Amino acid sequence: MRGACELIRKRDSCNLTFSQDIYSVSAQHCVWYGECGMSTKVPGKRYNCNYTGPPIPLPEEGHDLLAELCPGLDYGTDSLCCDVQQLQTLKGSLQLPLQFLSRCPACFYNLVNLFCELTCSPRQSLFLNATKFSPDAEHNKTNVEELQYYIGQTFANAMFNACMDVQAPSSNVKALSLLCGKDAKDCNATNWIEYMFSINNGQAPFSITPIFTDVPMAAMTPMTNATRGCNESLPDGSEPCSCQDCSLVCGPMPVPPPLPPPWTILGMDAMAVIMWISYLVFLLVFIGGVLGTWCYRRRAILSEYGPILDSNSAHSVNRDGDSGAVTCCETLGEAFEEALRRLFSAWGSLCVRQPLAVILASLVIVAACSGGLAYMRVTTDPVELWSAPGSQARQEKDYFDSHFGPFFRTEQLIITTTLHSASTFSPYFGGPDVPFGAPLDKGVLHQVLDFQTDIENLEASYGNGTVRLKDICLAPLAPYNDNCTILSVLNYFQNSHEVLDHQIGDEFFTYADYHSHFLYCVSAPASLNDTGLLHDPCLGTFGGPIFPWLVLGGYDAANYNNATALVITFPVNNYHNDTERLNKALAWEAEFIRFVKNYSNPNLTIAFSAERSIEDEIDRESSSDIFTIGISYAIMFVYISLALGHIQSFRRLLVDSKISLGIAGILIVLGSVACSLGIFSYAGVPLTLIVIEVIPFLVLAVGVDNIFIIVQTYQRDERMPQEELHQQIGRILGDVAPSMFLSSLSETVAFFLGALSTMPAVRTFSLFAGLAVFIDFLLQISCFVSLLGLDIRRQESNRLDIMCCIKLPEGQEGKTDGFLFRFFKKIYAPFILKDWVRPIVVSVFVGMLSFSIAVINKVDIGLDQKLSMPDDSYMLHYFTNLSAYLHTGAPVYFVVEDGHDYRTLEGQNAICGGVGCNNDSLIQQLYTASQMSNYTRIGFPSSSWLDDYFDWVKPESTCCRIYNTSGAFCNASVVDKSCVHCRSPTQGRTRPTEGEFMKFLPMFLSDNPNPKCGKGGHAAYSAAVALTHNGTDVGASYFMTYHTILQTSQDFIDAMKMARILADNITRTMAPQGKNYSVFPYSVFYVFYEQYLTIAADTAFNLGVSLAAIFVVTTVLLGFELWSAVMVCITIAMILVNMFGVMWLWSISLNAVSLVNLVMTCGISVEFCSHIVRAFSIGTGSTRVDRAEQALANMGSSVFSGITLTKFGGILILALSKSQIFQVFYFRMYLAIVLLGAAHGLIFLPVLLSYAGPSVNKAKLAASRKRYVGTERERLLNL
């Protein structure tokens, strides 16, 4: 070069700017050698020196460097067109590709080939053509400013194909998204190489124009070196790339199994078809049997109906069994019945004779038990409420919290704009126009940034000081970088108005602005330099990447520029075991909610949520519904107080009323609830809102029914001659108390067995309910009986109710039956048991049962979060926008428990996803799962600290450096000659040894990312690895990815189920022989949704156990009448099945709340059924129909007035509640419980008993007749 310039100088025509045509030199020589002046276009970079002579031998100190950088190239004598400094520059230029592409050796081999040939090839002149030069006055040389590089198209395509699948584990994106200047899906061989050679990327010191051709052109021969496919090994022994980085290695992608087809028959739902057929068959058999019997009787006995109705006739369908000797069971049953009768009679008599002592003792006991309310704790923590301490999800949550810290608290905004500011961006350097959604308008972004900044600066009062976001936020790089983690699209612009306004252009054109920076960052969120003209970082100010799918919403596919919503998330540290710091976080969240509620900007629509929002809104909902609930109970109280009285005449209105007795009965019910709460509070059992809201309703239903039975039985009773009041009440209690005992004990045992449930809400409810019902029964047969005796004495002395000091004059009043009793006895019971009505009743109720069975498997499982919110809650807007805009679900962590050995090659290969890793490793299985996201619900490949650590610790990487004097870590950004590589370059691409692995891992986990090393693991992985034994071993660690967007309860359930299946499979393939550890998935919502994995089985178990308990207790207390217990259980089972039918019709899902209601249904159904069945079993009618009619007449009115009417008015008020959960799970389900219970107990059950009721117990009948010999009741029994 110098010689040529001397020659030109001699000719006085040496020009300092050269064109392409100045030199025409022969082939196979250099086009440059060494470095010259500083680049005028890329600060900090140097041009190469123009040189057209032969290759120059490389100095010996550069041989190792050449072997390190270009191991696959054989340059013979090592005479090259580059010096050592150029090799050093090449090494620096290759650092970024090295960190991201070297995990696939073939990919990096081809890339190095491209650059080594460009920089050092001794035959440069074949494919390089320098086209522009400039003088370097300082060194008296010439700079090469522009160059043409002829590259074989086949080579370029092969290089791209080998690299196109390579992953960047820390950012869950393709590596080419970080290296191509655009999203990997838009990258190809041509634009990738063009981008790498463009000065606009901030790395190339001068412009290199690639020309792609496979044939010689313009006297140039393209560089067509041999390439390696990603599925090929390298000469140095490097293995093929992993499946995650090379689809060719994977083979065909797995196809998810097809969804099981719906069960159909002839194209219709199979259950519906089966139940229709079953119902029709039943109708044919049943109606045929009824008609056949009727026709047979008509033909056999044409005009005499007596024998048909005569129970002693062989032709009577009403015949009540064959007469004969009393059986042993009947004798035993009668003896048991008599013992109960005598016990309760004696007790009732005592209570009436000693009322003050009984009442005082009752008050003392209630007060003592209620004293426990001072220790009452109400559980509002959703985790404690819905997840059992021993459940799998709870144990996994505790494990995660103890090793990695609790999952952070989340404050989130979803922002849309009312402006029609959508626009189109036209890239200056060519390419198709790019539409931008309205929220991405710069003016809107500035307004959002102001809003975001205001939130950052919020100050909440706490104690004597204030709390700001910085005091509680998640700052992963603290204390080196105390910036809060803010997941916002504005973090692409460093949360700065100045960066957002940054643009490069002139008075005519804009070359780069926020549009181009946005487009680069969404494709390379972990980049520290957008490598465009702006050179602004994409990495968030907190040191971590901002994934576009977390901060944008409402876009289609991966076209983030079409976003219609912005999502801003403020992660806040969680402090489960630090009350002081937790209260600070709660205080700031309260200020955050207040500020956002009151924020006004006509251009922005904001939906928001804080971590405390759901609990706050549930508390507000409970408070707002206190008035509604109060009115509901008030209506029931007023009804009870008025309905208990049997008014004989208007003159005796205030004498015959039972207002004071009704109030006393209500207070007894409330006292029993208080006792139950107090006793369990003494024991330290916390209450739940379900207990507080449901148990009073349950105990009121059970207790009021018993009160009505006692009072109305007395009102219908005639005092026998020479019988005193205490004897009469004792006798009445002896008659009805066994029935009350039967129902109460059945409910108590059923509820206590329901406490076997693993669901905390169900278990707690069952315990409190069982005890409250039993205490209520004890108070009713003691305190209430005493109060009843006092009230009767008041009534008999003509004293006014409430104002008992006032006494009316004596007067004769005839005793009449109440209206309801007369209605049931004279009209309703005879009608419902008519021969033509009974088949209709059976047909209708079996039809209802068939329908309910057909839809029982169609009841939804889960709880829609919206239902737990009040109608006017701001959270409803948030939930709506969450479903409408978000594209990504919750993060999910695959946790490898303590015990895995990461230091050994086998242990590493079972986890990692790079070269040499197992094809069924943890990372590879998660990657495969992400390719079937619709099936697995895994949305993205997982991050992998292990793979990034291997890239970070490679000998040729500048990331891992130590001070050669102290051995301490030296960050890649530090310029210090004493900093040396952690590992010797002679180690090649081998992984660290066992000793090196643990020596350098803590350094990796403390290294902050910087422009020279983007693989630092502090921000991304410092919390993901739990180091043990003073940092000498790896304990538990996690690998994070995200679920796909989950909108319905079923989505959440499926996601958890699939994640567990995947984790179990990973555990099996890792085969931790002799070691007790496993892999499990953890996401914050698992503890709430785990219950739904087994809720169908739990429901069947709880209801089955309750029915079994009712069966056993009923059998015993009915005097061992097995068939009577069967009748009760059949009816209750039908009520429960029909409840599922109502749930399907009324869109009530199956969850813990509805399961509690179903368990309660069992208890209330006992009240509807047991009294009728017991009255039937001790009935003295000659036929089943007669006995059913007697039972319905005697008990039906009490059951109807005691439960149905009492509850009906109160339930209707619940429909006015602002709470959706009250409207759905309380109003709808309570209404269904009462209506179905009343329908089955008062319509179906008597008809069923008239057809298939148990035969009369001859021992009981004989004892009954004997008991009333010589009395008026004997005459009534004989009628």
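Glycine is treated like the rest: Cβ placed from N, Cα and C.
Just so you know, TrEMBL annotations never went through curation; they're auto-generated.
The domain 'SSD' annotation in TrEMBL covers 625-790.
For 273-296 (among others), the entry in TrEMBL reads transmembrane segment.
Annotation source TrEMBL lists transmembrane segment at 356-376 (among others).
The transmembrane segment annotation in TrEMBL covers 626-647 (among others). Remote same-chain partners of the transmembrane segment (626-647), defined as residues 6 or more beyond its termini with a Cβ less than 8 Å from a stretch Cβ, comprise 653, 656-659, 661-663, 665-666, 693, 696, 700, 704, 707-708, 711-712, 715, 801, 818, 1201, 1205-1207, 1209-1211, 1213-1214, 1216-1218, 1222.
Taken from TrEMBL, the feature transmembrane segment applies to 659-683 (among others).
Among the features that TrEMBL reports, transmembrane segment is placed at 689-711 (among others).
Taken from TrEMBL, the feature transmembrane segment applies to 732-753 (among others).
Per TrEMBL, transmembrane segment is recorded for 836-856 (among others). Through the fold, the transmembrane segment (836-856) approaches residues 269, 271-272, 274-276, 278-279, 282-283, 286-287, 290, 1134, 1137-1142, 1144-1145, 1239-1240, 1243-1244, 1247-1248, 1250-1251 of its own chain, all at least 6 residues removed from its boundaries and within a Cβ separation under 8 Å.
Residues of the same chain lying 6 or more positions beyond the ends of the transmembrane segment (1100-1119) and with a Cβ under 8 Å from any Cβ of it are 332-334, 336-337, 340, 738, 741-742, 745-746, 749-751, 753-754, 756-757, 762, 1125-1126, 1128-1129, 1132-1133, 1136, 1155, 1158-1159, 1162-1163, 1166, 1170, 1173-1174, 1177, 1257, 1260. Per TrEMBL, transmembrane segment is recorded for 1100-1119 (among others).
If you look up TrEMBL, you'll see 1125-1146 (among others) marked as transmembrane segment.
What TrEMBL records for 1158-1178 (among others) is transmembrane segment. Long-range contacts of the transmembrane segment (1158-1178) within the same chain, counting only residues at least 6 positions beyond its ends with a Cβ under 8 Å from a Cβ of the stretch, are 337, 694, 697-698, 701-702, 705, 709, 738-739, 742-743, 746-747, 750-751, 754, 762, 765-766, 769, 773, 1099, 1102-1103, 1106-1107, 1110, 1114, 1118-1119, 1121, 1124, 1127-1128, 1131-1132, 1135-1136, 1139, 1187-1188, 1190-1192, 1194-1196, 1198-1199, 1202-1203, 1233-1234, 1237-1238, 1240-1242, 1245-1246, 1249, 1253-1254, 1257, 1260, 1264.
Counting residues 6+ beyond its ends, the transmembrane segment (1198-1217) has Cβ neighbours under 8 Å at 625, 628-629, 631-633, 635-636, 639-640, 643, 697, 700-701, 704-709, 712-713, 820, 824, 1164, 1167-1168, 1171-1172, 1223, 1226-1227, 1230-1231, 1234, 1237-1238, 1241-1242 in the same chain. Annotation source TrEMBL lists transmembrane segment at 1198-1217 (among others).
Long-range contacts of the transmembrane segment (1229-1252) within the same chain, counting only residues at least 6 positions beyond its ends with a Cβ under 8 Å from a Cβ of the stretch, are 318, 697, 829, 832-833, 837-838, 841-842, 845, 1127, 1130-1131, 1134-1135, 1138-1139, 1142-1143, 1146, 1148, 1154, 1157, 1160-1161, 1164-1165, 1167-1169, 1172-1173, 1176, 1184-1185, 1187-1189, 1191-1192, 1196, 1199-1200, 1203-1204, 1207-1208, 1211-1212, 1214. The transmembrane segment annotation in TrEMBL covers 1229-1252 (among others).
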Other parts of the chain folded back onto the transmembrane segment (659-683), taken as Cβ under 8 Å at six or more residues beyond its ends: 365-366, 369-377, 637, 640-645, 691, 695-696, 699-700, 703-704, 707, 711, 767-769, 771-773, 775-776, 779-780, 783-784, 787-788, 791, 801-802
PLDDT averaged over every residue in the domain 'SSD' (625-790): 82
